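A.B. asks: Below is one structure. I have some questions about it.
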Amino acid sequence: MDVTSTLSLGDPLEPARKATADMLRSRDHSFSLPQPFYCDQRLFEIDMQEIFHKEWLIAGMTCEIPAKGNFLTLQIGKNPVLVIRGAEGQVHAFHNVCRHRGSRLCVSEKGKVAKLVCPYHQWTYELDGRLLFAGTEMGADFDMKEYGLKPIQVKTAGGYIFISLAENPPAIDDFLATLEHYMEPYDMENAKVAVQTTIREAANWKLVIENNRECYHCNGSHPELLKTLLEWDDVTDPRASQAFKDQVAACTSAWDAEKIPYAHASFGLRNRIVRMPLLDGTVSMTMDGKQGSKKLMGRIKNPDLGSMRILHLPHSWNHCMGDHLIVFTVWPISAQETLVTTKWLVHKDAVEGVDYDVARLREVWDATNDQDRRLAEENQRGINSDAYQPGPYSKTYEFGVINFLDWYSERMLNNLGEESAHVRKVAGS
């Protein structure tokens, strides 16, 4: 008998859970969070359990596992995860843990296998998770059907792979249907990752997202990014000028001609998709504003499509141009440590050194990511001070941050089993 299965150690985080709910219910929604949300390891553990283990996350792109047996791995808190392409082309996700004695099955970030074989004692699994071989000494009453890999919820749409560690994750199909439609012109099954980077930021994951959700800091911090990016979120942005609105109107005619979706679509505060122009005379997020890849994505014929921006909370933002896409994902490590992964995707037939130069492709966002890292880290250092107290957000410039923290508060209270106040979306988002 497994005595640990009946042994209850209690929940050492229970006092912190109650404190978390109390602080969220009483917080001023126009101010930053109380200090423990950014600094305390106990609240970080609650973030992982109630947000990252219960919400939908972007694990990767379907083009990263194009054929049977292709896999990718990732780490979500203490949980190693495996995503693999099955025999019939399906995408499967499993806990990357052998059912024998718990060793990780796949140790590399990406690869290709015929079967999943544990490196410890060679227990062998089919690509759909079924146990095929467990040696010959497990006893007559051993039933291999009871020891398949533990599955993880997985959905795909528009070339993205979404996973959730929860048994009953929140509904997401309405967003995925829209994402599939908006991504159709890019034909993501015929894309590839040209280059990928991961940087470590000495800051809480929420500070990383907060920094992304506003461009209040852009003029003073991001000269490379502002060579092409128009900082307004869309035409409802309270900062948007009439000239910007006129530019959007002119661009929509061209997008209609190309049958390119562009209308703002939001799904609560968690998801939004919108296509916005880049700076007039530029077509891609490069230092000179020219194409980063000569070969355009999918069925796209005109490189001047602006940038389609995709938000997926809690951890991803994306820019989709005519010639390449950039996918960002945020992975919490500890209360004050976060990984930020950036992937640049191009057409699968684009040839490095001929159609695109990797250094040029990544130049703008390498600089921007490093600038954002420094901003988040300095933000964290200040918040650690005894002098910190929550400060006010600008509803004109920081509405995206307000919306993120409202989403976070609502989901945290919901997942803790607590009631939350009605969350109002701030205009411009």
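Using the three backbone atoms N, Cα and C, a Cβ is placed for every residue, glycine included.
Found this in Swiss-Prot, in case it helps:
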BINDING   CYS98, HIS100, CYS118, HIS121  [2Fe-2S] cluster binding site
BINDING   HIS217, HIS222  Fe cation binding site
DOMAIN    56-163  domain 'Rieske'
A.B. asks: List the residues of the same chain that sit at least 6 positions away from CYS118 ([2Fe-2S] cluster binding site) in sequence and have their Cβ under 8 Å from its Cβ, in sequence order, or write 'none'.
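C.D. replies: Looking at Cβ-Cβ distances below 8 Å from CYS118 ([2Fe-2S] cluster binding site), excluding near sequence neighbours, one finds CYS98, HIS100, SER103, LEU105, THR124.
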A.B. asks: Whole-number answer please: how many Å between the C-alpha atoms of HIS121 ([2Fe-2S] cluster binding site) and HIS217 (Fe cation binding site)?
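C.D. replies: HIS217 (Fe cation binding site) has its Cα 53 Å from the Cα of HIS121 ([2Fe-2S] cluster binding site).
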A.B. asks: Which of these binding-site residues has the least crowded Cβ, counting other Cβ atoms within 10 Å: HIS121, HIS222?
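C.D. replies: Candidates: the binding-site residues HIS121, HIS222. Fewest Cβ atoms within 10 Å: HIS121.
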A.B. asks: Report the same-chain neighbours of HIS217 (Fe cation binding site): residues 6+ apart in sequence with Cβ closer than 8 Å to its Cβ, ordered by sequence.
C.D. replies: ASN211, LEU375
A.B. asks: I want the residues beyond CYS98, HIS100, CYS118, HIS121 whose C-beta is within 8 angstroms of the mean position of the [2Fe-2S] cluster site's C-beta atoms, in chain order.
C.D. replies: ARG99, ARG101, SER103, LEU105, TYR120, GLN122, TRP123
A.B. asks: Pick from CYS98, HIS100: which of these binding-site residues has the biggest number of other Cβ atoms within 10 Å of its Cβ?
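C.D. replies: When each Cβ's neighbours within 10 Å are tallied, CYS98 tops the list.
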A.B. asks: With DSSP, how much of the domain 'Rieske' (56-163) is helix, how much strand and how much coil, in residues?
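C.D. replies: Secondary-structure composition of the domain 'Rieske' (56-163): 7 helix, 44 strand, 57 coil.
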